[in-house]
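Taken from TrEMBL as is:
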- Leu25, Asn32, Lys161: xanthine binding site (BINDING)
- Ala133, Asn134, Gly135, Gln136, Ala137: 5-phospho-alpha-D-ribose 1-diphosphate binding site (BINDING)
Amino acid sequence: MGDSAVKELEDRIKKDGRVLGKDVLKVDSFLNHQVDPMLMQSMGKEFYEHFKDQGINKILTVESSGIAPAVMTGLSFGVPVVFARKHKSVTLNDDLYTSEVYSYTKKTSNHISVSKKYLSSDDKVLIIDDFLANGQAVNGLNTIIDAAGADLAGIGIVIEKSFQKGRQLIDKAGIPIYSLARIKAFDNGQVVFEDENE
Ligand code: G4P
């Protein structure tokens, strides 16, 4: 059952993904620029199947590319979706939880923030994001969840690059994680998944 969303995503990555340089996968045609809502919906259902027994009442992501998969996941759960906003710098604001996120890919630092209105100690949160690379975005969201006194129930990732640091950091912290597509390596411009034989 669940496997079909994973298979659909992996097939789509093979068909439409493009490997840039040695560690970047471009998926603009269905995830990061143009969005395939049908694929997002199957992935949302898949995250729901995986995490449905955890008492989750809120989905949290970061703008912008996390929003599409997060909204479809929220739809499956029937719960609200909150996206952290990015700012170059934030003047102190008592109404916001903030955290700093460094992007290795873009070599810039962003502050991300969530209004105190939309996250509280009553919340059991599922983080959803499009990519897991070095884990900086997830780390920043986790800091915000802690500041709000909310509970982190788990992390759902669309595409994990297992050869970068993020996965290890999350496993080490003992946080439940479910990545739909897990990329083991890029081999001469070809994507190799963890679950396929080379
Ligand atoms: P991290 O959050 O895991 O630490 O990732 P990193 O700093 O390396 O990546 C920063 C941005 O680049 C993130 O998006 C992340 O989703 C994206 N990214 C990382 N690896 C890849 C990749 O191989 N392909 C693509 N297409 N994106 C990748 P962001 O800055 O938050 O941008 P956006 O959500 O506004 O698009």
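Glycine residues also receive a Cβ, built from the backbone N, Cα and C atoms like all the rest.
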8 Å Cβ shell about Ala133, Asn134, Gly135, Gln136, Ala137 centroid, 5-phospho-alpha-D-ribose 1-diphosphate site members excluded: Val101, Ser103, Tyr104, Leu132, Val138, Asn139, Gln164, Lys165, Gly166
Binding-site residues compared (Asn32, Asn134, Gln136) - the one with the fewest other Cβ atoms within 10 Å: Asn32
Ala133 (5-phospho-alpha-D-ribose 1-diphosphate binding site) versus binding-site residues Leu25, Asn32, Lys161 - nearest by Cα: Lys161
Residues within 8 Å of the Leu25, Asn32, Lys161 Cβ centre (excluding the xanthine site residues themselves): Gly17, Val24, Lys26, Val27, Asp130, Phe131, Ala133, Ile159, Ile183
In three-state DSSP terms, the structure that Asn134 (5-phospho-alpha-D-ribose 1-diphosphate binding site) belongs to: coil
Least surrounded among the binding-site residues, given as Leu25, Ala133, Ala137, when other CB atoms within 10 Å are counted: Leu25
Asn134 (5-phospho-alpha-D-ribose 1-diphosphate binding site) as reference: those binding-site residues from Leu25, Asn32, Lys161 with C-alpha within 10 Å of it: Lys161
